[in-house]
């Protein structure tokens, strides 16, 4: 199960948070399609900016878009011209006032999405896929918070006639452990031989404290189904009389 499912979706509410934060009843499908268009517009228009994540929050008359990027200067532009252009496009797309927040990703080598984008860019530039994968693994493992990394590339690797899948990993990546903080990212490299898919999993240790700790404490307080409960001892009155005689 943990090997197949998307790691963020499996751990929602445990170690990861929602990337679309709003509630809707009848307009749910419209808002969802709108979020997809917003993310597609940002990923296609700001491909060189290294966008790691896009978080969207909605109120009744405003849309807040948080862009986590490795190169905030490209998103902002000269004197904020690029940010104003993006805000105008998003307001035209949503029909509401847009609050645009640009946040810098400090540690690029520990972000799975940025690592996947870096590998894909190297594949487009005709770098050997094994060299690109090993370089990404070495850069990630040098970070103190990274406990393990797994990289998968699929497609016509090296221009081969038949597509195949290559996997490299180092350290631990426990995909079945729900308390494990797993960062996941994907990207596609459009080469002259066709598309090559890149997937990256980065393990940053177990989450201790917060909501997860409270859930564990609540579970420990409940009696287990198969556990034996302590039963009251029989013959209590007779035993008490015998104990009183011994004391007397």
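From the backbone N, Cα and C atoms, a Cβ is placed for every residue, glycine too.
Per Swiss-Prot, the feature domain 'KH type-2' maps to 38-106; the stated evidence is sequence analysis. Sequence annotations record features per position, and here Swiss-Prot assigns compositional bias 'Basic and acidic residues' to 214-229. Per Swiss-Prot, the feature region 'Disordered' maps to 214-248. What Swiss-Prot records for 230-242 is compositional bias 'Basic residues'.
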Note the mean pLDDT of the domain 'KH type-2' (38-106), expressed as a whole number.
91
DSSP on the domain 'KH type-2' (38-106): how many residues come out helix, how many strand, how many coil?
33 helix, 24 strand, 12 coil
